[in-house]
Structures are given as structure tokens and as C-alpha cells.
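What TrEMBL records for this protein:
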{"type": "DOMAIN", "residues": "512-561", "note": "domain 'Cationic amino acid transporter C-terminal'"}
{"type": "TRANSMEM", "residues": "79-97", "note": "transmembrane segment"}
{"type": "TRANSMEM", "residues": "109-130", "note": "transmembrane segment"}
{"type": "TRANSMEM", "residues": "150-171", "note": "transmembrane segment"}
{"type": "TRANSMEM", "residues": "200-221", "note": "transmembrane segment"}
{"type": "TRANSMEM", "residues": "227-249", "note": "transmembrane segment"}
{"type": "TRANSMEM", "residues": "256-278", "note": "transmembrane segment"}
{"type": "TRANSMEM", "residues": "298-320", "note": "transmembrane segment"}
{"type": "TRANSMEM", "residues": "398-417", "note": "transmembrane segment"}
{"type": "TRANSMEM", "residues": "423-443", "note": "transmembrane segment"}
{"type": "TRANSMEM", "residues": "455-477", "note": "transmembrane segment"}
{"type": "TRANSMEM", "residues": "483-504", "note": "transmembrane segment"}
{"type": "TRANSMEM", "residues": "516-535", "note": "transmembrane segment"}
Amino acid sequence: MDAPRQEAQPPRTYWRWSKQDFFPEPSFQSLTSYKTALSHTCFRLKDRLFDRSTDANELVELRKESENDLKKCLTWWDLIWLSFGSVVGSGIFAITGQEAHDHAGPSIVLSYAISGLSALLSVFCYTEFAVEIPVAGGSFSYLRVELGDFIAFIAAGNILLEAIVGAAGLGRSWSSYFASMIKTEPDFLRIRVNSLAEGFNLLDPIAVLVLLVANTIAMTGTRNTSVLNWVTSIFSVVVIVVIIVLGFIHSKSSNLVPFFPVGAKGVFDAAAIVYWSYTGFDMVATMAEETKRPSRDIPLGLVGSMSMITVVYCLMALALTMMQKYTEIDVNAAYSVAFEKIGIKWAKYLVSVCAIKGMTTSLLVGSLGQARYTTQIARAHMIPPWFALVHPKTGTPINATLLVTIISAIVAFFSSLDVLSSVLSFSTLFIFMLMAVALLVRRYYVKDVTPKCDLVKFIVCLFVIIGSSILITVFWNLNLRGWIGYLVAGLFWCFGTLGMELIPKQRVPKVWGVPLVPWLPSLSIGMNVFLIGSLDYVAFLRFFICSAVMVLYYLLIGLHATYDVAHQNQQKLKIEGKDNINQGPL
């Protein structure tokens, strides 16, 4: 008998809300199946800890979860200005005044140079992955391929935390600058509630409104957002040149004394925080799936723009501290208040407009990048796959954008800028460190190819590199200024990196690769570990509390969803393999 004909299924609407759309995995079909899944938590955790994704899985299989493709519409020109629009404005206007006043003084220019070098090393790591695995997931996908499912989940949690906190911080900064254009007091548009804890008692409805508008624009289409961004960013370049020139014209060399008011420690403490200024580039890496020629456009866009941005930041920081004594810098709206105090009132408005424009484009590009991170995380079923859906008309992940928008708006409504910046810096530095580790793993370890003895050598060298980086950081934070400890730890770092250099590489990049491997990734690990160690204990506390919540979610939901999907895929491959064998040669 002929097999019964299956009726054609009508196309599914984008806006749907059934339980199957949020939790389609077998573990969540009933209370009994969920209890059974929980009873196997230890076994499943062991399975997931050692599971690694593949390039093909991230590039091909996971995209099917979105039902519609993201549109390929970006070139290297778009990426340069997306990077510029995302980065410039997210930190230089929001954090420079705070860190120059509280920690570094005039040496804030060195803080930006140190953070810029560390960011550039991370950019190299990102570009190699983005060229070979051009998917929306960015660092989440790269870590899932090289370091496994569990590490990728921890990174995913921090990526979402970074997205939410970063957007909230930008919303608060936008509100401060807008207020400073109307009145000198940056908080006067906020609502003070004395019954709430300090740092959470200034409610900010303007920040919420800005976040809603920016994310709505991002949902309308990637190309539209890109064109709007690069047109307005060209205006920003002109204004920044004016700011730098005016700053140096009205500068006083006496304002640079003392150059190190808190010593070298102040420089590195500030460097850890101003790293926020460079975080936009990782959002641009998530646009690889929508880039027409990733192998050419991504390196040009990322490396070129980040080199330029580092120089711009250093010049702007120097101009600010030469124009005004660091002790008198306003921590909320540094540039606009500085120009007002030296009598150039019209420049105050120009700076505020530029700052607001920069923060607006940072929000726009951030909305694009954050939604694409969230999309890939949902494609892997670490969060409900409903958030992976791409709208058929706009070609954008509207559900994922709404998730980040709503949560970041709630956070921005309550949380002050200093609370947000420390959390963001820790998450960003942690992910960048993992990216450098993942690059080393990609070059030196290929499953079933790398000899076991070489794998053991590689692991030992990697632990020596990380351990010596931590040791240097500990010495620094214990205020041990003797050179012997640093020399010994530095030698261990050199020996670990040199030992890795002597191990045969198992993979060579096809098109674009990080130069001087393992030295540059090893240096990136050391710098990111050191900058993490420069953060205060509150940042560590908040990071570990957030991570504990992430792990709890993983053990209750994420672990079982990803386990089901992985084993369903394995079963599918086995069936397809048997079918191919049964069919025989054609």
C-alpha cells in the first residue's frame, strides 16, 4: 500500500505563544518527564561538560531554528561605521570624567592606551573566528565550538548580562547628558526615592524611553539602521575633531600635574573600568552572518576601526584633563560641563549633542548585536527557541530584541552608572579572556587528530600562562612592589608561552589569522586577567552572584534542553547514516 499522503502544513505565523514554541524538548513535555530529567542531572552535566559543537553545526544546523534567514546586506564600510558608532560614545563621554576624577587623574590617557591595546588583541581573536565561523552568535558560538557547551553557557549568561547592563548604562548616560543641556545638574530629570538603597534610588524614566525608541528602530531592519548610523557617525567625527582642537587650544600644562595622583594603581584601576569604552566591537562581530564577504569585510572593519578609535580616545582624554583640573571634572557630563566652565557655552551644547548622538548610535548598534547574540543562544536552546525566530519581513530577530529591551529598561530605571560599569567591565573582560583561550585551543587541539602527549603539553602550558597571569595580578593587588616576585611570575609566563610555541599546531587559518600565535593570545590572557584583578571586590561579588544564578538556571532548564537537542541530533545523524548505507551506491 502506498504511504498515506501527509497534508501540507500551513505556514506558521511569527507571533505565536504556545508552550511548544518555548519548551519543545522532551524533558519539558510533562511534569513526569521533567522530574525524570532532573533525576539524571549529574549524568547529563557530565555529558555536556565534555561536549563541543562544530563549525558546521553553528553555521548550518542552528540557523534552521530561526525559520527565516538574516539578510546579507553589510559591507566593510558598514562594519567600520557600525564599530565606530557602537564604541565611540559608549565610554568616552560616560566614563572618562568619572575615572579621571576618582582614580587616574591626567594619566587617564594611559588607561585608555592600555585598555585599547588589550581590546585590539581581543579584536584579532574575534576576527579569526568571525571569518571562519560567520554566524550571529559571535563569541558564544566560538566558545561553544572550542571550549564546550558548559563554558559557552557561562559566557552566554555573561553576554546577556553585558547586553542588559551595557544598554542600561548607555540609557542612564544619555539621560545625564540630555539633562546637562537643560540645566547643570545631570540628575534633575530623575526621580529620587529615599526609601531605596543608594545607587538604586534615582529613577530614570528618560533612560527607559530612549531604550524603547532605539530598539524599535533596530527592529525595523539591519540595513536601515546601518545607513542611519554611518551618516550620523560622520557628523560625530567632525565634532570630535572640534572638541579635541578646542580642548588643546584652552589647555593648561599645569593641569597635568600631578600626572599620577594615585600612582600606577590608579592607572590600572581606571583601565579596568574604561574598558567599557571598547566593548562595542564584539557586537559588530555578531553581524558576520549578515556580511556579504566576511573574509575581507570583517578584518577591515574591526581592526581598522579599533586602531582609529584607540587614538581618538587617547586624544580626547588628554584634551579633557589639560582643559580642566582632574579634581574639578564633573563625573556625569565631563566634557559639556568643562567647556561651560571655561566660558565656551556654545561648545557645551555641541559636546552634549555629540555625546547624545554617540550614545544613541551605540544603543542602535548594541540593539543589533545583543539581539543576534540572543538569537544564537536561543538557537542552541539554552534559552527558549522562541527567541531565535527571525521575522520574515524585517529579517531581524524581533523577539530577541524585545527580551533585551524590556530587561535593560527595567535595570536602567533603577540602577546608577557606577553600579552598572563595574558589572559590565568584569563580564566583558572575562569573555575576552575566554576568547583568547579558545583561539589557542583552536590552533593546537583538534579532536582525534592531536596526539595525547601534545594535548597534555598544551594543557600544562595553558595553565602556566593563566596561573602566572593570576600570580602577577595577586602581587599587584597585595601592593608587593619588590621586583623578584614579578620577575619569577613573568618568567613562568614566558616559559609557558615558549613551551606552547614548541608544540606543533594542528590548524592553520584559511584566510585571516592572528599573528604571532601563541604570544599575542597569551598576552591578551595576561592583560585581561590583570584588568579583572584591578576591579574592586564589589564587582567580583556581583559577578559571582550573577554567575551562581546562571548556573542554577542551567541545572534546572538549560542543561536538559541542550542535552535533548544534542541527542536528538545524534539520533538523526545515525538514522541518516543507516539510510545512506541501505541505499548503497547509485
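Using the three backbone atoms N, Cα and C, a Cβ is placed for every residue, glycine included.
TrEMBL does not curate its annotations; it predicts them automatically.
Within the chain carrying the transmembrane segment (227-249), a Cβ under 8 angstroms from the stretch's Cβ atoms is held by residues 77-78, 81-82, 84-85, 88-89, 217, 312, 315-316, 318-320, 322-323, 335, 339, 344, 347, 350-351, 353-354, 357-358, 360-361, 364-365, all 6 or more beyond its ends.
The domain 'Cationic amino acid transporter C-terminal' (512-561) scores a mean pLDDT of 87 in the predicted structure. For the transmembrane segment (398-417), the list of distant contacts is 14, 94, 98, 160, 163-165, 167-169, 171-173, 176, 196, 199-200, 202-205, 207-208, 211-212, 215, 218-219, 332, 367, 370-372, 374-375, 378, 386-389, 391: same-chain residues at least six beyond its ends, Cβ to Cβ under 8 Å. Residues 99, 103, 138-139, 142, 267-268, 270-272, 274-275, 277-278, 281-282, 285, 288, 294, 298-299, 302-303, 306-307, 309-310, 313-314, 317-318, 321, 432, 435-436, 438-439, 442, 509, 512-515, 520-521, 523-524, 527-528, 531 of the same chain lie 6 or more positions beyond the ends of the transmembrane segment (109-130) yet place their CB under 8 Å from a CB of it. When each of 256-278, 298-320, 423-443, 483-504, 516-535 is checked for Cβ pairs under 8 Å to the transmembrane segment (150-171), 423-443 comes out on top. Counting Cβ pairs under 8 Å that are 6 or more residues apart, the transmembrane segment (516-535) and the transmembrane segment (256-278) reach 3 or more and are in contact. For the transmembrane segment (298-320), the list of distant contacts is 76, 78-84, 87-88, 91-92, 96-97, 100, 106, 108-109, 111-113, 116-117, 119-120, 123-124, 126-127, 130-131, 134, 240, 243-244, 246-248, 251, 277-278, 281, 284-285, 288, 291, 329, 334-335, 338, 512: same-chain residues at least six beyond its ends, Cβ to Cβ under 8 Å.
Ranked by number of Cβ pairs under 8 Å to the transmembrane segment (423-443), the listed stretches 200-221, 256-278, 455-477, 483-504 are led by 256-278. Beyond its flanks by at least six residues, the transmembrane segment (483-504) meets 440, 444, 454, 457-458, 460-465, 467-469, 471-472, 475, 518-519, 522, 526 of its own chain at Cβ-Cβ distances under 8 Å. Each residue of the domain 'Cationic amino acid transporter C-terminal' (512-561) gets a DSSP state, and the totals for helix, strand and coil are 40 helix, 0 strand, 10 coil.
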